[in-house]
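Report on one structure; see the data block that follows.
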């Protein structure tokens, strides 16, 4: 039992050391996730606005743009990845 705990501790420390060596802690990883999701959302919004007519676009709220849901889904996925330790 002690050996399993020791091996687990070594693995956790190795992962932590790798992340520190990469210069990216949890805050850094969270910022990268937000940046990635913002880029995906922006791309979706650009595609949507390029096909909207002026009349329908001016009546749209920003929450109706596809990037809003893309960002939310992306952040949900990133949260799952963080909680699973990937």
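Cβ coordinates are placed from backbone N, Cα and C, and glycine is handled just like the others.
Summarising the annotation, Swiss-Prot assigns disulfide bond to 24-28, 37-74. Per Swiss-Prot, the feature signal peptide maps to 1-23; the stated evidence is experimental evidence.
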- Task: Please report how many Å separate the Cα atom of residue 28 (disulfide bond) from that of residue 37 (disulfide bond), as a whole number.
- Result: 14
- Residues with Cβ closer than 8 Å to the Cβ of residue 24 (disulfide bond), same chain and 6+ apart in sequence? 32
- Task: Check each residue in the chain of residue 74 (disulfide bond) that is at least six apart in sequence and keep those whose C-beta is under 8 Å from its C-beta; list them in sequence order.
- Result: 33, 36, 37, 40, 41
